[in-house]
Amino acid sequence: MRSEGDTWDITTSVGSTALFVATARALEAQKPDPLAVDPYAEIFCRAVGGTAADVLDGKDPDHQLKTTDFGENFVNFQGARTRYFDNYFARTADAGVRQVVVLAAGLDSRAYRLDWPAATTIFELDQPQVLDFKREVLARAGAQPRAERREIAIDLREDWPQALRDSGFDPAKPSAWIAEGLLIYLPASAQEQLFTGIDGLAGHGSHVAVEDGAPMKPEDFETAVAEERAATAQGDQRVFFQLVYNEQCAPATEWFGNRGWTAVGTPLADYLREVGRPVPGPETEAGPMIARNTLVSAVRA
């Protein structure tokens, strides 16, 4: 379970979920018709080694990401999510935004793989050990960012708005924000603080994109946590429900809409259909998760 002030690297606690998601992106890139191609996802997996690399080589057929009930649907989910936010950044760049803020950047490689206009600055915020891992791995691979990239090593439960300003962020200029795969790891109070921080720093013409998820029924969540703990006691290394908070301060469309933003939410299931990927049914392991997920983008006039 989580604790106040807990920290992590890329192979422990919340950090390990970034590696799991990167593995899914790498598997998506292996498809003949990928929704998105992140060449650095595989580099991260091979830097860690073990099952993260084995599954890419077909050496771990029992890996969770290879199951039909969960894995195939989760890989589709990550491919679709990546495309959605990639397209979001293309739109914000076309709109003239030159400040980008990646909250809980994890193994996000958009600074390296997307085409950014000249004079774009990308601020990446995350735990120090996570940023260190990404920088070192990409440096060994000879990768160079395609925009000015500034790391801000900070926990989002701390005063990250001040740290962002100290790193050269200008609230008077338009900015584009992303909170991808983040909110579930924050209690409702911290989500509220995060949204408030964005709202306080985003000037006119700014954009924000959020992956939003409705909470599970409390009894279902408690059952999932109990089952996962029992599996952990039997040696299962997979942990998810013990890392998340089954809370929501408010739907992102509602929160930002009530503060003068024009917000549009796209249910993940609808977006999967739009990009030609199947939507898993409620009887599958991945189905309920996908049904609760909404991709949100908002703009401040």
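Placed from the backbone N, Cα and C atoms, the Cβ positions cover glycine too.
Residues or ranges marked as S-adenosyl-L-methionine binding site in Swiss-Prot (evidence: similarity to another entry): D126, D155, L156.
With respect to Cβ neighbours within 10 Å, the binding-site residues D126, D155 differ, and D155 shows the lowest count. Within the same chain, the residues at least 6 positions away from L156 (S-adenosyl-L-methionine binding site) whose Cβ sits under 8 Å from its Cβ are L103, A104, L125, L182, L186, A190, L194, listed in sequence order. Other residues of the chain with a Cβ within 8 Å of the Cβ centroid of D126, D155, L156, the S-adenosyl-L-methionine site, are L103, A104, L125, Q127, I154, R157, E158, W160. Residues D126, D155, L156, recorded as binding S-adenosyl-L-methionine, reach a greatest CA to CA spacing of 7 Å.
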